[in-house]
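Mind looking over this structure? Questions follow.
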Amino acid sequence: MRTVPNVRSKLFRNAVVAGAVTAVAAATVAVLSAPAAQAATTLAGAAQESGRYYGTAVAAGRLSDSTYVGILNREFDMVTAENEMKLDATEPNQNQFTFTNADRIVNHAIGQGKRVRGHTLAWHSQQPGWMQRMEGSALRQAMLNHITRVATYYRGKIYAWDVVNEAFEDGSSGARRNSNLQRTGNDWIEAAFRAARSADPGAKLCYNDYNTDNWSHAKTQAVYRMVQDFKSRGVPIDCVGFQAHFNSGNPVPSNYHTTLQNFANLGVDVQITELDIEGSGTTQADQYRGVTQACLAVTRCTGITVWGIRDTDSWRASGTPLLFDGSGNKKPAYHAVLAALGGTTTTGPTTPPVTTTTPPTGSCTATYSEGQKWSDRFNGNVTVSGTNNWVVTVTLSSPQRIIATWNTSPTWDSTGLVMTARPNGNGNSFGFTVQHGGNWSWPRLSCRVG
Ligand code: G3I
């Protein structure tokens, strides 16, 4: 994943400052790093620092789960109904509209000062049975009626509508998906956008799709050409949503930032609308960080929504693709996202990185010295005195990662930020290489007798 600096984030500002002064005394570095201590401590708070939102999909059935609601209220400032605003939910019988479950979500969000993305007004999937059986002009009329009724009901309450969802084929054809809506005529998408604009003129109107993340893919190119055409002809489109459902078979592409930027250059906002990444640990955290940085690097990338809160809430729970585990604990991916957004849950080193502890059986001291530096990484050396039976803990500051070690056989904690080093027969000093990701802070050390 290509990483790109967020020129607007506190993190990047701090990193630039810290990077510029690595040659000066550690005490000076500590002073210049101090603003990080005031950084936001939630996803929404950190996203707001750069004028963006951080959202989640919400299921009405989980609003009675206090752990779920606690995380929702604390961490997110944008809400998408996971299923409750879809066609089968809101118009189960033709011209009989029901908004009970959607309202539970919308009212909860608005009551908590959050905004709402409307998902979705026109889609080949999750159509009610009566609509699935329709074709032609009757279906076109039914679709327009649905859009008008739903968007009018929620007029003024929705930040952005996913007006049309998933209208293009996967694969190399670049064609429209062959659906009953497509068979009503190729202009069905622009007709949908016009109806939505009339019904809810204040909302942003988005086209939303998946497998549109890789700039070189035919589907991405096809959607791009449609948006370009709509903009040139005055079809009312304001934004493009990138669902961003990733896994090992469909990883975050290295040109993701290029894709987002090229769409933004058409004069639309771009948003990551259904983010989830299967995996765990630092691998998953790295991918989440990359997606976050790609959005932050594009001025018109206005926000990110993850597709659920805890892994167990996910439509693909077995892939543990979200930011909180089943118990509601923050995962490494959460910390990676928060740090990339410029927020923090821990402060950087504010004292010289030399710490001595005195356990009952003796004491030891670990002393850090700088090694060679490169643009993307630096070496650190640790010398231990006091005992041959030492255990040194090396704590990094996100997004740093240790990518090599020598003269020790380390173990790691689950975040990948804390390395525990012990002697491996090569004496009382060891070293490591830190890939700094823009954060030049010295690692913090502590030593105990093992
Ligand atoms: O609520 C019923 C339950 O009563 C019934 O017993 C059960 C039996 O199948 O189904 C339950 O409904 C399921 C619903 O999720 C709620 O859990 C549906 O079957 C199931 O199809 C539905 O799946 C949703 C899927 O869209 C449908 O296409 C997922 O929750 C939802 O996360 C997923 O979201 C989509 C986005 O809208 C568009 N982009 C892709 C994304 C992931 O597929």
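Count begins at 1; order follows the chain as displayed.
Each residue, glycine too, has its Cβ placed from N, Cα and C.
Below are the features listed in TrEMBL for this protein:
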- 1-39: signal peptide (SIGNAL)
- 37-340: domain 'GH10' (DOMAIN)
- E274: active site, nucleophile (ACT_SITE)
- 357-450: domain 'CBM2' (DOMAIN)
Once the DSSP letters are reduced so that anything not helix or strand counts as coil, what is E274 (active site, nucleophile)?
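Going by the DSSP assignment, E274 (active site, nucleophile) falls within a strand, counted as strand.
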Give me the DSSP three-state residue breakdown of the domain 'CBM2' (357-450), ordered helix, strand, coil.
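Once the DSSP states are binned, the domain 'CBM2' (357-450) shows 0 helix, 53 strand, 41 coil.
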Do you know the mean pLDDT across the domain 'CBM2' (357-450)?
85
Taking the Cβ of the residue listed as 'active site, nucleophile' as the reference point, list residues of the same chain whose Cβ is under 8 angstroms away and which are at least six residues distant in sequence.
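Long-range Cβ contacts: A57, T80, Y210, G241, Q243, A244, H245, T305, V306, W307.
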